[in-house]
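Over in Swiss-Prot, the protein carries these features:
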{"type": "TOPO_DOM", "residues": "1-5", "note": "topological domain 'Cytoplasmic'"}
{"type": "TRANSMEM", "residues": "6-26", "note": "transmembrane segment"}
{"type": "TOPO_DOM", "residues": "27-850", "note": "topological domain 'Periplasmic'"}
{"type": "REGION", "residues": "48-216", "note": "region 'Transglycosylase'"}
{"type": "ACT_SITE", "residues": "86", "note": "active site, proton donor"}
{"type": "REGION", "residues": "400-710", "note": "region 'Transpeptidase'"}
{"type": "ACT_SITE", "residues": "465", "note": "active site, acyl-ester intermediate"}
């Protein structure tokens, strides 16, 4: 009896000592324990998703892929699979399972290794939310105490729901919703028992038990899960026997991107990071942009096709690599495909290896092991590239270009395969809605994988003649009209700073004598623009450009500004052209229409300032002081004094502008009105002439009229010195678009090509705005305006139409006439008088008409 008594006393003491030790340990680490109450309002890390305007997914950013699901959305069989595998006594314990611990310890003792885990689902939840993955005794103790706390705070169903959404299941998939999508391309409710068992087997070792890493291990682990489900009575013997014989059909499924717009998506990502920091990638934001599939894909296709066409006409630079030489042993298929799989794809360009070649045809293997045939049709373009200005002879047979062992690039053209190459030239396109600034399409380069540099918004490039419409607008605001006569003859002026004559020339170097301003813009006459610049004053012109949103620091105050020496981005140029297209309003480009949180609540909605040419909104700069000299249509070239320039450039009247920004309803804000609506109409009309010309002459943008077959469009070419940059910018109904093409290496120019009879409809000659950039503009605008009714240019109030003489710009007095638009009060009042010959006054200092 004494032994029993002492034993009981000892047992009680041990219990008290153990309890006291546990309590003391708890009190010691309690301050270090996180507050589990946060689980009540936990926010799971959900990636940011970016959508098009019509709700299609275009990008996803975030380290963790997660698709949150509620417990009632998860099939009961999947819940049971996890419980059977991870914590069979889940509904019986209070966070820690002593029975499970004893069982795991016993197995470890008798087997010599730990084959069973002792952590409950609640402990795993505590570890995943609050603790580091380190394996230490202190971490395990904290895990136990946290699990007990969690059980006191949450119901079993709440714990399960959090666990099944939080657990890591491999391949960046967190939670069963993401795992179902990643491995099987399904939602959880579409999974079979076989697939549920595969996913339920992943928590123990997601990197090695997943079927993408090792199918054998995945099958073995699935069978373990099925066995435990059978032991727990969750499935029948028949289900077990049938399911364990089924194959696992798993593949990696990336997020279901409807279409790609990588440059714009990256702009959205940067904007979201600037607003929300790292939480942008974790809080499940859904961002809706302003682009649509049809328009964006038309832009990408137009840019890529145009870049490839340019690249092809300049010749083939040879294979990307030589894998084995002719005469050497060919590589086996596995080695070829492994090498090709390691290479990127660029848009439509796929890496390939030439496995055989004869004069009529070559065979090339792709990364997936399939082969394609390259006939003479697909390699005929591949004249040897010698320089940007010189190409070799057209190949006569396939083996003039291709040999076995070469690593090349190919692309599909219709049903055929063509030889290709990664282009060295690059391009950008920006398209916006001129009424409110919404970005309709944006392409920052040939391919985002090739270069992430966004040329649409980051590349400052000289704009060439793309600047002329803005400068002519300034000149007309100063007193010129579309009928003003300017002398198209060569200029030669001494430049003291350079120590030489400055001799701007037309391109091509053809001169027509006195011509109207409309023709000067339509034919992009450089010397005519220089004369207009001198007439209105360089400083005035430079400051006027700021009305169109161009940064002052990028504008030079020299006469070379007339030839486009200023550098702007395609986005800035498109914004400027929108002013001319929308009646004179400076809209702000924007690309995010709405941001939702993970619950679908709208936390941001764009409210852009819009153009309203029919509204009575004053120009924020007030009235420009007119020059009496410019208003006189019959004077020689003049240079306005610096004093007159300065006083004639009004500054924005901010108070008036702020009043003008609020509509009569008080709900809609207007964009700043920077040039008056009649003036915007005049330059818009002149841009139309750049495409359609007049009887007797053709505009530099004439190809757009041929390609689009509609007359409600306008635009302007742009080419810089040595053709380093080429542009085409213009408008159509409800759209303004700017296209640039050039080399990132400023030392290279676009060059020229000789015609090859082997290539159908090939562009040849010197590259420039009309040949190098406009084809992309035409192709894009044709796609965007398909089905859009033609909208004739309608003069706004304040515009009068007068019949003028083409040769003098005065009132018509015979058959050589056309109708011309004028701002009311600026129309000519004198009848045209035709004289024999043209007099150019020369007093030793090159004095000419304007």
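Placed from the backbone N, Cα and C atoms, the Cβ positions cover glycine too.
What you see is a predicted model, and the numbers here were worked out from it, not measured in a lab.
In this view, residue 86 (active site, proton donor) is surrounded by 21 other Cβ atoms within 10 Å of its Cβ, with every protein chain counted.
There are 26 other Cβ atoms within 10 Å of the Cβ belonging to residue 465 (active site, acyl-ester intermediate). Across the structure, residue 465 (active site, acyl-ester intermediate) and residue 86 (active site, proton donor) place their CA atoms 71 angstrom apart.
According to DSSP, the residue listed as 'active site, acyl-ester intermediate' sits within a helical segment. Along the region 'Transglycosylase' (48-216), the predicted structure has mean pLDDT 82.
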